[in-house]
Amino acid sequence: MAGGGVMVSQGKPGKKYPGGMTLSVFIACMIAAFGGLIFGYDIGISGGVTSMAPFLQKFFPDVYKKEKGMQSTNQYCKFDSHKLTMFTSSLYLAALVASFFASTVTRVFGRRSSMFVGGAVFLAGSIVNAISKNVIMLIIGRVLLGVGVGFANQSVPLYLSEMAPYKYRGALNIGFQLMITFGILAANLVNYFTAKIEGGWGWRVSLGGAAVPALMIGIGSFFVPDTPNSILERNKPEKAKEMLKKIRGTDNVDDEFDDICAAGEASRLVKHPWANIWKRKYRPQLVFAVLFPFFQQLTGMNVVMFYAPVLFKTLGFGDNASLLSSVITGTVNSIATFVSIAAVDKVGRKALLIEGGLQMGIFQVFIGSIIWKKFGFDGVAAIDSLSAKLVVIGICSFVVAFAWSWGPLGWLVPSEIFPLEIRSAAQSINVAVNMLFTFFIAEIFLKMLCTFKFGLFFFFAFWVFIATFVIWKFLPETKGIPIEEMSKVWRSHWYWKKFVVDGDGDEGVDSEKKPQDTC
């Protein structure tokens, strides 16, 4: 890599646009990143309330009785309940479906509109959950939360990648993951204190607290500008250029605007992005739109975070100790994300992904080995103080690695590699696959823990090592490349160049309506 963050090792250096970080862009990106709060808060809150005795007594009495009656038997299986699993996983199925509708809203009405819809529906879900009287109300609330997450996760990463100057795109986009970690930490803290509320209604505060991040992104969407790319996609070139000048802090934006115009013209000529995305020339982007969320979920991180209190409780930690341990891991998660913000535009995406993958795999094996030694195959044992500390250290080391690699980059890289004409549709596929496998893992985790026992951690370690190999071998570096010039990294890649060849950009476009470089 050359200085200034412009990639040259691929043989085709990226174009340098004038203008840099402006205060308005920084503020807009931070407000938009609030969309990560709703996802993070939900990940953290659900595992906490499902470890609270009053919540289990009211909604899942069979799990409560099993937990109280199995203290001397198999610790791996005491939380295995289909209803409890459905409470957690129903959100992700709803988010999967919603992400496809969000694609149309994001493309036709702009990124801000999807952010607002996400915040508004998430707010409704938080209210329903807080006043729930039965499991049906809980599930309905979770579905509404899922729709909100689907819209936010579809639109916010796109917004951040399009709004940010290319030299700072990585750091600003990681603001989304940073807010996810803040949401998880906030949820863990809320759970820790609401669990101590006398009267057994603390879980209502925990679930209702989701209204706070919902209001932040919903109201915040009115105070951020739409991206020039999105404005141009809606056929408003003059307004798009004025917005580009404003956010770049300079009138000298002709080169960047010409590139956005060429992408915008190509986008307008593609009437059916869902059909186009399957074409051969988009094969590299499509593959990574699927592989990134697939591998991200098979790291086991979301399992660790939204089942952390249950997991720690299973390992023999007390009620408050398990929630406190979750606060510790949530704090570590947030702090480590700053490492990624500082490093991603300097050392690049691949280096962080490879190092993080190796570290995660090693500590998954470490954690699994300790649990194997203490609980064996029958799951009957009490964990000693030293082993408990080693498990917490192992989980924190795993969380640190995820927080500066697969956590933020799992959202950043897919959002920056798509050309504008398929960007919204491709991001929907990315979110849908993420939610599908989050749902799948959430749905079967407690059953897998009961069946695989300590081997579950070896299972995740295996997939982490596979993911690391794929990144090393097949992902080109995207650091320092303007988002509308990203196609060149695929054309010069040893494997993907046979799919994306010069001149292939015209495939599927009417020969009399080829995209031009100007608006």
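Every residue gets a Cβ built from N, Cα and C, even glycine.
Any TrEMBL annotation is an automated prediction that lacks curation.
Here's what TrEMBL has on this protein:
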- 21-41: transmembrane segment (TRANSMEM)
- 28-479: domain 'Major facilitator superfamily (MFS) profile' (DOMAIN)
- 84-102: transmembrane segment (TRANSMEM)
- 114-132: transmembrane segment (TRANSMEM)
- 138-160: transmembrane segment (TRANSMEM)
- 172-195: transmembrane segment (TRANSMEM)
- 201-224: transmembrane segment (TRANSMEM)
- 286-310: transmembrane segment (TRANSMEM)
- 322-344: transmembrane segment (TRANSMEM)
- 351-372: transmembrane segment (TRANSMEM)
- 392-413: transmembrane segment (TRANSMEM)
- 425-446: transmembrane segment (TRANSMEM)
- 452-472: transmembrane segment (TRANSMEM)
Subject >> Top Cβ-contact partner of the transmembrane segment (138-160) among 114-132, 172-195, 201-224, 351-372, 392-413 (pairs under 8 Å) >> reply: 114-132
**OP:** Verify whether three or more Cβ pairs under 8 angstroms connect the transmembrane segment (84-102) with the transmembrane segment (201-224), leaving out any pair fewer than 6 apart in sequence.
**Re:** no
Subject >> Contact between the transmembrane segment (425-446) and the transmembrane segment (84-102) (at least 3 Cβ pairs under 8 Å, separation 6+) >> reply: yes
Original post:
So, do the transmembrane segment (172-195) and the transmembrane segment (114-132) meet, by the test of 3 or more Cβ pairs under 8 Å (sequence gap 6 or more)?
Top reply: no
Original post:
How does the model score the domain 'Major facilitator superfamily (MFS) profile' (28-479) in terms of mean pLDDT?
Top reply: 84
Original post:
Taking residues 6+ outside the transmembrane segment (351-372), which of them lie with a CB under 8 Å of any CB in it?
Top reply: 299-301, 315, 340, 343-344, 387, 390-391, 394-395, 397-398, 400-402, 404-406, 409, 453-458, 460-461, 464-465, 467-468, 471-472, 475
Original post:
Which listed range (84-102, 114-132, 322-344) shows the maximal number of Cβ pairs under 8 Å with respect to the transmembrane segment (21-41)?
Top reply: 114-132
Original post:
Mind checking which residues reach the transmembrane segment (114-132)? Cβ under 8 Å, same chain, six or more beyond either end.
Top reply: 32, 35, 38, 59, 102, 105-106, 138, 140-152, 154-156, 159, 204-205, 207-211, 213-222, 224
